[in-house]
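TrEMBL has this to say about the protein:
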ACT_SITE  GLU1192  active site, proton acceptor
BINDING   CYS35, CYS40, CYS43, CYS65  [2Fe-2S] cluster 1 binding site
BINDING   CYS105, CYS108, CYS142, CYS144  [2Fe-2S] cluster 2 binding site
BINDING   LEU255, VAL256, MET257, GLY258, ASN259, THR260, GLU261, LEU262, ARG372  FAD binding site
BINDING   GLN715, PHE746, ARG860  Mo-molybdopterin binding site
BINDING   PHE862  substrate binding site
DOMAIN    227-451  domain 'FAD-binding PCMH-type'
Amino acid sequence: WYKTQENMLLVISMQGGKCRNQSSLVRLTGTKYSCGGGGCGACTVMVSRYNSTTKAIHHYPATACLVPICSLYGAAVTTVEGVGSIKTRIHPVQERLAKCHGTQCGFCSPGMVMSIYTLLRNHPEPAPEQITKALGVERNLCHCTGYRPIVESGKTFCVESTVCELKGSGKCCMDQEDGSLVNRWEKMCTKLYDEDEFQPLDPSQEPIFPPELIRMAEDPNKRRLTFQGERTTWITPATLNDLLELKANFPKAPLVMGNTELGPSIKFKNEFHPVFISPLGLPELHFVNTTDDGVTIGAGYTLLKHLRTLAGAQIRNMAPAPSFHHTSHLSLIPLNGPFLERSPEADLKSEEIVSSVYIPYSTQWHFVFGLRMAQRQENAFAIVNAGMSVKFEDGTNTIKKLQMFYGSVGPTTVSASQTCKQLIGRQWDDQMLSDACRWVLDEIYIPPAAEGGMVEYRRTLIISLLFKFYLKVRRGLNQMDPQKFPDIPEKFMSALEDFPIETPQGIQMFQCVDPHQPPQDPVGHPVMHQSAIKHTTGEAVYIDDMPCIDQELFLAPITSTRAHAKIISIDISEALALPGVVDVITAEDVPGDNNYQGEIFYAQNEVICVGQIVGTVAADTYAHAREAAKKVKIAYEDIEPRIITIEQALKHNSFLFDEKKIEQGNVEQAFKYVDQIIEGEVHVEGQEHFYMETSSILALPKEEDKEMVLHLGTQYPTRVQEYVAAALNVPRNRIACRMKRTGGAFGGKVAKPAVLGAVSAVAANKTGRPIRFILERGDDMLITAGRHPLLGKYKIGFMNNGVIKAADVEYYVNGGCTPDESEMVVEFIVLKSENAYYIPNFRCRGRACKTNLPSNTAFRGFGFPQGTVVVEAYITAVASQCNLPPEEVKEINMYKRISKTAFKQTFNPEPLRRCWKECLEKSSFYTRKLAAEEFNKKNYWKKRGLAIVPMKFCIGIPTAYYNQAATLVHIYLDGSVLVTHGGCELGQGLYTKMIQVRSVSVFSNIEEYACYIQLNNFFLRNAITLNAQNACQTLMARLHPIIRKNPKGKWEDWIAKAFEKSISLSATGYFKGYQTNMDWEKGEGNAYPYYVYGAACSEVEVNCLTGAHKLLRTDIFMDAAFSINPALDIGQVEGAFIQGMGFYTIEELKYSPEGVLYSRSPDDYKIPTVTEIPEEFYVTLVRSQNPIGLGEAGMFLGSSVLFAIYDAVAAARRERGLAKTFVLSSPATPEMIRMTCVDQFTDMIPRDDPSTFTPWSIRVS
């Protein structure tokens, strides 16, 4: 907050009320804080401004975490609370997002609502592509749902039909016909919600723009605004001359418009500026003038938006050498090489500003293009981008003027000026291209250790983008004079265009409920998530939404900057001297165990990874705590060895546990009698959980008996209780954990909250005050780590017909510096290492490597997504060696009858075979594969690939006592019900399913239902649901005599009568657990209670020139027994698939050779956005007799995208005459794809001897 000169008030309209100064406390918790850098969209709000010139009101979405409050003077800000509320009236946007099942954990939902709401305020009847753009381009991230239902909720506002039609016939492509597979088995449904329930959207009922703000905007006597803070001053000039005067007085003050670059620099890079100048709203900077010669755009105008809305070839071909009008004395600065390279003589003087940009129209023989390649299609910094312009002598292809600029290849934009000079006068032909590629590589040198890494890839992109520019110009010349200038080869045409952004569509199929089922029975129906409306209104309470508590302190971590070092000293004096700081907590303050079960709470004497917590600072505000944490000085002395990678761990024999092994048959003997043997390695890198709500804890010390209550988001409250009790040296019964919900987890909140809970509890114990510990996104990514990177080595013996006779597989995972869940992850990898295939002679071994990285932990799929990629990789390699399609080799080796696994557990693969067969048939796999082959023949630079993968996923845990669960059900005298259980609501809909099961059990007419979380079990979801049913049935049996005597009575009457009769209205449901076991000495056991089966087919298109890919279609068939709630289960399958797809393609963690994690924000780490999901997405739940557990299993099916990419790359390599067998490790990033599609450009780039430099980043698998 700032005070203004002359006691002026900071006027911002919010939800119809005004927040005028710091004396008004506005508590609006609906807008969520997630990344802090404008990269995730969780904090999206709508900002509305009135333009006094056009008399128009403009609404636009903004990320609240980056918008300076001083920049909002005169603006109306609408948060999710201003859109609708369960206390008043929910808005149609909120209702439809909830009823279309577009929420799971719910943390991103308010941001989604605001993006769609803002779009509707500007376009009440949007086109489907506008919905996709609003969610994708505006940076709304979700790691739960897979986006499909979110987009679908937005599409309900579109006028056009969103129903998939088959070839224009108006029929659904999934309509059931007599004799179809589905029809033979059971009737299927596709409707997950009822549109008739939706409120209509009435734009006339939206809040009006505050008239007071219109009067302010039209006030002719505008004056300078000055906001004075403790350390900084914010000044908003009234006129252009006022701005120039301020710039002269404060030449080093930055100009702030959108704050998208300056904001993150201040927050994350510790930049400081005493004065800010914000010319936001100056009419002299906000205009667009179009003349016969070109376009002049005010420097304050949103350029990108303008260019996207302008039509016409003259704009698409506009010159990239425009001029800046800079104002001091009005003059022109050419936007050329010296300016872009920040040459001092061409740069702005400190007192100058840019007032406008003039872009001249191109002439007839002038071609201009912008080119870029990024990790993700939208909202990603360019890996390399380029602007290129060529002007020819009239009527010829003789180069008269050429300009080439490259970005992201150096500290500034780089001009290939020498190359351009050499090419003047040359013909635009293939020889010119060849020379240009060689010369530009000589001129633009990227050092081998350059920041950002990907050096060889970036070198390749320099000339790949040049080649693309060459083709575009060739094509343009041909269109101008086809007789004089030959066209480019037909096979090259596809290289010209980037992948379009399409609005996803698809169908979700599930078994209809029995028509004889009672209408009040909700089981089997797609019931909305119990908290969905609260998610979309922002009224679902998460940890940081909880009100401040008296004397509450905020905690900020002090983390190690060395991977392995001795702590020489810790100097906290400067930190303690800062205002607001109460204490600094270190290992010396831990009253109990500081090293519990191998997990270290506060580093003591030495640090064993970068990011290890050395101490914490407790202060009255988070800003004070964070600033003080930076002032703590730690002296280190490095210790050898420093082990970062699996390779280094193997060299030093550094392991966390003994080897796990299973074996059947005689592997060595079998190798002697096979036709072929192949050996290989597969690297699978790690994955960040990127839950939207970072790790959050509120620790409340009690005044007596050393009690403490912790409110936190966790998947394992029992472990938190155990670790906190150990750290405080108190009995566990003194520690209570409260977990209502959490904003995503994916395994990342199984073990890590126990350590973080102990850290915060120690701080609360020392200070005697409540502690709020909310990790920043960067700290969360650094401290909590993620999925285990894996190295898989295989030796496979097989016959020429594709039958695999022997397999010897070794797995190594990078466990990090402490045990965490690594042993269990390795066990799961080994036990699930067959996937769906029977290999008579099979051996698998696994070990967890101990390294100096933060400990990797549980993650969705628990090792299966990494380990099984190795299986599919060697199956694909066998197919390649046998010249057989991969799907044929998979079917040959797939389990076909009741069998035993390699660890001697019997199972029936019939559901597996069924899912596989349905997937092949319903996806039209063979027809589409032929179409892809035809496409590949006609296109050299783009290739399509298809892959289908089967899945046999084990559910449960090999240790029996982990599978137990208990539930306590109370009926109160008013008839309401309380269920106490150990389940954790993570977005998977646990409470919703419990309500459904409870309703059908006994309480079908109860509407009031409350859930309270206790500490009694692990995380077996379906067991908890069954417990609730069991307890309800017990209660029903007790109530039965009373109901029989008064069958027409009300529920409340029955309960009252039962109480009078002294009938207990409490009951427990207890599930002893599946009696699983595993004997690792014998390598056998009944390890898992049941299996979930599935199959997925994906089709991709790959750009071999850049490495980009587009997911065209995915079909998933998942064994789901009889789904309690198809909407929730399909949501779990879709969300897991998209998360898996991201893991196998674009999600890339980068580490320095010293063990420093570079990827600490959505800018550095790219999860899928709405633009990455399949253009066509079909999901079918196949009925079987199995129990269910879909959220974990679906993750691996994302590998169908990885192997479809492999298929497309293989097609490119075959055409280029390259080796048919190759390694495509995970993730298949654009870099991996491009460099595997070897061609003349990859062969042309310079290569460096790895022994001569230290790379910027390394692979840790």
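Positions of Cβ are set from backbone N, Cα and C atoms, glycine also.
Closest in space to CYS65 ([2Fe-2S] cluster 1 binding site), of the recorded positions given as CYS105, PHE746, ARG860, GLU1192, is CYS105, taking the CA atom of each residue. Close to GLU1192 (active site, proton acceptor), meaning Cα to Cα within 10 A, are the following binding-site residues out of CYS108, LEU255, PHE746: PHE746. Once the Cα atoms of GLN715, PHE746, ARG860, the listed binders of Mo-molybdopterin, are compared pairwise, the greatest separation found is 12 Å. Taking CYS40, LEU255, MET257, ASN259 as the binding-site residues under consideration, the smallest Cα distance to CYS105 ([2Fe-2S] cluster 2 binding site) is found for CYS40.
Closest by Cα distance to CYS43 ([2Fe-2S] cluster 1 binding site), from the binding-site residues CYS108, CYS144, ASN259, is CYS108. What surrounds the [2Fe-2S] cluster 1 site, by Cβ distance within 8 Å of the Cβ centroid and not counting CYS35, CYS40, CYS43, CYS65, is the set LYS32, TYR33, SER34, GLY36, GLY37, GLY38, GLY39, GLY41, ALA42, THR63, ALA64, LEU66, ARG777 from the same chain. In terms of local Cβ density within 10 Å, GLU1192 ranks first among the recorded positions GLU261, GLU1192. With every protein chain in view, the residue among the binding-site residues PHE746, PHE862 whose Cβ has the most Cβ partners within 10 Å turns out to be PHE746.
Here the candidates are the binding-site residues PHE746, ARG860, PHE862. The one whose C-alpha lies nearest to that of ASN259 (FAD binding site) is PHE746.
Between LEU255 (FAD binding site) and CYS35 ([2Fe-2S] cluster 1 binding site), the C-alpha separation comes to 24 Å.
On a Cα basis, CYS108 ([2Fe-2S] cluster 2 binding site) lies 19 Å away from GLN715 (Mo-molybdopterin binding site). Spatially close to CYS35 ([2Fe-2S] cluster 1 binding site) yet at least six residues away along the chain are ALA42, CYS65, ARG777, SER1161, PRO1162, judged by Cβ distances under 8 angstroms. Ranked by CA distance from MET257 (FAD binding site), the binding-site residues CYS108, PHE746, ARG860, PHE862 have CYS108 at the top as the closest. Here the C-alpha separation of CYS142 ([2Fe-2S] cluster 2 binding site) and GLU261 (FAD binding site) works out to 23 Å. Sequence-ordered, the extra residues of this chain that approach the Mo-molybdopterin site, with Cβ no more than 8 Å from the Cβ center of GLN715, PHE746, ARG860, are HIS689, TYR691, GLY744, ALA745, GLY747, GLY748, LYS749, VAL750, ALA858, PHE859, LEU986.
It is 8 Å from the Cα atom of CYS40 ([2Fe-2S] cluster 1 binding site) to that of CYS108 ([2Fe-2S] cluster 2 binding site). Taking the mean position of the Cβ atoms of CYS105, CYS108, CYS142, CYS144 as the [2Fe-2S] cluster 2 site, the remaining same-chain residues with a Cβ inside 8 Å of that point are THR103, GLN104, GLY106, PHE107, SER109, HIS143, THR145, MET692, GLY743, GLY744, GLY987. Checking the binding-site residues (GLU261, ARG372, PHE746, ARG860, PHE862) against CYS144 ([2Fe-2S] cluster 2 binding site) with a 10 Å Cα-Cα cut-off leaves PHE746. When the binding-site residues CYS40, CYS43, CYS105, CYS108, LEU255 are compared by the number of other CB atoms within 10 angstroms of each CB, LEU255 has the fewest. Residues LEU255, VAL256, MET257, GLY258, ASN259, THR260, GLU261, LEU262, ARG372, recorded as contacting FAD, have a largest CA-CA distance of 27 Å.
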